[in-house]
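Q: For GLU187, the entry in Swiss-Prot reads active site, proton donor, with the evidence type sequence analysis. According to Swiss-Prot, the [4Fe-4S] cluster binding site annotation covers CYS66, CYS157, CYS288, on the basis of sequence analysis. Per Swiss-Prot, the feature (2E)-4-hydroxy-3-methylbut-2-enyl diphosphate binding site maps to HIS96, HIS185, THR250, SER317, SER318, ASN319, SER380. Residues or ranges marked as isopentenyl diphosphate binding site by Swiss-Prot: HIS96, HIS185, SER317, SER318, ASN319, SER380. Taken from Swiss-Prot, the feature dimethylallyl diphosphate binding site covers HIS96, HIS185, SER317, SER318, ASN319, SER380, and the record attributes it to sequence analysis.
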Amino acid sequence: MDTQAFRRSLHHSDRYNRRGFDSPTKRAQALEEAYQSDLISSIRDNGFTYNKGRLNIKLAKAFGFCWGVERAVAMAYETRRHYPNENIWITNEIIHNPSVNDHLRKMNVKFISAKNGIKDFSLVSNGDVVILPAFGATVQEMKLLHEKGCHIIDTTCPWVSKVWHTVEKHKKHVFTSIIHGKFKHEETLATSSFAGKYLVVLDLEEANYISEYILGRGNRNEFMNKFAKACSDGFDPDKDLDRVGVANQTTMLKSETEEIGKVFEKTMLKKFGPENLNSHFLAFNTICDATEERQDAMFSLVDEDLDILVVIGGFNSSNTTHLQEIAITKNITSFHIDTPERISVEENSILHKPLGLDLELKNNFLPSGNINVGITSGASTPDKVVADVIEKLTVIAS
C-alpha cells in the first residue's frame, strides 16, 4: 500500500479531523480545570521543592503531561461534547494513565476490545465516531475505519507522525527501518505499519547482536528465531540489512536511541567504507523533545541527595518505565506507582511495581526522621495525581 497517498486522501476526507473542535484557549481552560493543581503550581514557583515538617520533596524540573498528551486528552473530551449522542469508540487507551481512561469510560466512550492482540472492530458501524489515541493507529486500522464510513478523530502526537514520515522515507529509498522500540507497543505497531522492510530493536544488546550479523559473524536460524515477531513479513537478514535507516518509538531512552544509531553507523562504515556510507545508512532525528526533557530532568534529580524516589505513571507506560530505569542506575530506592491509591496512609505502605516484576507491597516505606523524597511522573500523568501522592506522603510524615 502507498501509505503516503492513503494518508493524504484521508486528511482531505470530510469524515477526518485532526484539529479538534475547541479553540486553544477553551482547550487549555478545560484541561486546567480537570487536571491542574494549585499545590504543584506553588511547588514549581518554589524551585520545585516542598518542605513540610520532616519531609523534603524535590520534584523533577520537567514531569507530567506533555503537550502531545494534553492535545490528545483534550480532543477526546471535545469529541464527546461535539457528538453528544453518537457511538464513540477509541482504538486503544488514549494515553497510558488509568484515571484518564476511566474518565473516558464514564463519558460513555467505548474501547475496542482485543483478544490475543487482535482488535475486534465488528461492532463499529457506519457513522460511528472513532478516536485514534496519542500513540496513533496502524494504517490498516485507519483504512478499515475509513471504509466503514466512520468519523475519525485523530489525536496522534505530531512527534509520532514525524517518525512515520521517517520510515516512509526509508521505504521510498529502499532502506530497511531499524526501529528502536518494543515490538508489541501500540506506537511501534503503528510506526511499523508505515514502513517497508523493518526490524524492531529493543536495546543496545540487540543492536550489537545485529551488528555482528551484518559483519558476517552470526547464525541465520538463530537470528530469525530471535527476531521472528519483530520484523516485517518476508524479512531476509542476508539482504535486508545492507541499507538501513534508524527511527524510534518516541518514548524510548534518548541516550540508548543515540547509541543504537551510532552502532549501525559504525557497522556500515566498517562494512562498506566511508565513501559508501550514505548509500547504506540514513541518519535520523526522531527523538521527542518532551521525552528528552523529562529524561534530562530525571538525570538531574537523581544527582540530588535523595532517600527514596517515587515515579508516577501507568505501569504500561514506556516513558515512565525509562524514568524508573534511570533511578535504578543510580542505586536509588525507587517506587513506581500508577495511582495515589497505591499508597496506604494508615499502614505507611506502598504497592509498587519493581522493574520487570509483579506488584510488590512495601511496608514502612517512608522511614523515620528527616527524609528527602524525589518525585517525577510520566508524560501521561496529570498534576492532580502528583499532588495527591504528595499529600499522602505529607500525612504519613506527620
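The chain as shown is numbered from 1 upward.
Cβ atoms are placed via backbone N, Cα and C, with glycine included.
Quick caveat, the model's predicted, so the values are computed rather than measured.
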Q: By CA-CA distance, flag whichever of CYS66, CYS157, GLU187, CYS288 among the recorded positions is nearest to SER317 ((2E)-4-hydroxy-3-methylbut-2-enyl diphosphate binding site).
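A: Its closest listed neighbour, by Cα, is GLU187.
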Q: Per DSSP, ASN319 ((2E)-4-hydroxy-3-methylbut-2-enyl diphosphate binding site) is which: helix, strand or coil?
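A: DSSP call for ASN319 ((2E)-4-hydroxy-3-methylbut-2-enyl diphosphate binding site): helix.
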Q: Cα-Cα, whole number of Å: HIS185 ((2E)-4-hydroxy-3-methylbut-2-enyl diphosphate binding site) versus CYS157 ([4Fe-4S] cluster binding site)?
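A: About 15 Å separate the Cα atoms of these two residues.
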Q: Using the Cβ center of CYS66, CYS157, CYS288 as the [4Fe-4S] cluster site position, which other residues in that chain lie within 8 Å, going by their Cβ?
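A: Same chain, not in CYS66, CYS157, CYS288, Cβ within 8 Å: TRP67, GLY68, VAL69, ALA134, PRO158, TRP159, VAL160, THR250, THR251, ASP289, ALA290, THR291, ALA379.
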Q: Tell me which residues of the chain lie with their Cβ under 8 angstroms from that of ASN319 ((2E)-4-hydroxy-3-methylbut-2-enyl diphosphate binding site), as long as they are six or more apart in sequence?
A: THR251, THR291, ARG294, GLY313, GLY378, ALA379, SER380
Q: Based on Cβ atoms within 10 Å, give me the single least packed residue among the binding-site residues HIS96, HIS185.
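A: Comparing Cβ neighbours within 10 Å for the binding-site residues HIS96, HIS185, HIS185 has the fewest.
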Q: Around the dimethylallyl diphosphate site recorded as HIS96, HIS185, SER317, SER318, ASN319, SER380, what other same-chain residues have a C-beta within 8 angstroms of the site's C-beta center?
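A: In sequence order, the nearby non-listed residues are ILE95, THR251, GLY313, GLY314, ASN316, THR320, THR321, GLY378, ALA379.
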Q: Taking Cα atoms as reference points, which of the recorded positions HIS96, GLU187, THR250, SER318 is nearest to CYS288 ([4Fe-4S] cluster binding site)?
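A: For CYS288 ([4Fe-4S] cluster binding site), the spatially nearest of the recorded positions is THR250.
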Q: How long is the line from the C-alpha of SER318 ((2E)-4-hydroxy-3-methylbut-2-enyl diphosphate binding site) to the C-alpha of CYS66 ([4Fe-4S] cluster binding site), rounded to the nearest angstrom?
A: 14
Q: Reported as an integer number of Å, what is the Cα distance between GLU187 (active site, proton donor) and THR250 ((2E)-4-hydroxy-3-methylbut-2-enyl diphosphate binding site)?
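A: So the alpha carbons of GLU187 (active site, proton donor) and THR250 ((2E)-4-hydroxy-3-methylbut-2-enyl diphosphate binding site) sit roughly 8 Å from each other.
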Q: Just the number: how many Å between the Cα atoms of CYS157 ([4Fe-4S] cluster binding site) and THR250 ((2E)-4-hydroxy-3-methylbut-2-enyl diphosphate binding site)?
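A: Here the two Cα atoms are 10 Å apart.
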Q: If you draw a 10 Å sphere on the Cβ of GLU187 (active site, proton donor), how many other Cβ atoms land inside?
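A: Other Cβ atoms found within 10 Å: 27.
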Q: As a test of the contact definition, list every same-chain residue at least 6 positions from CYS66 ([4Fe-4S] cluster binding site) whose Cβ is closer than 8 Å to its Cβ.
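A: The list for CYS66 ([4Fe-4S] cluster binding site) reads CYS288, ALA290, THR291, ARG294, ALA379, given in order along the sequence.
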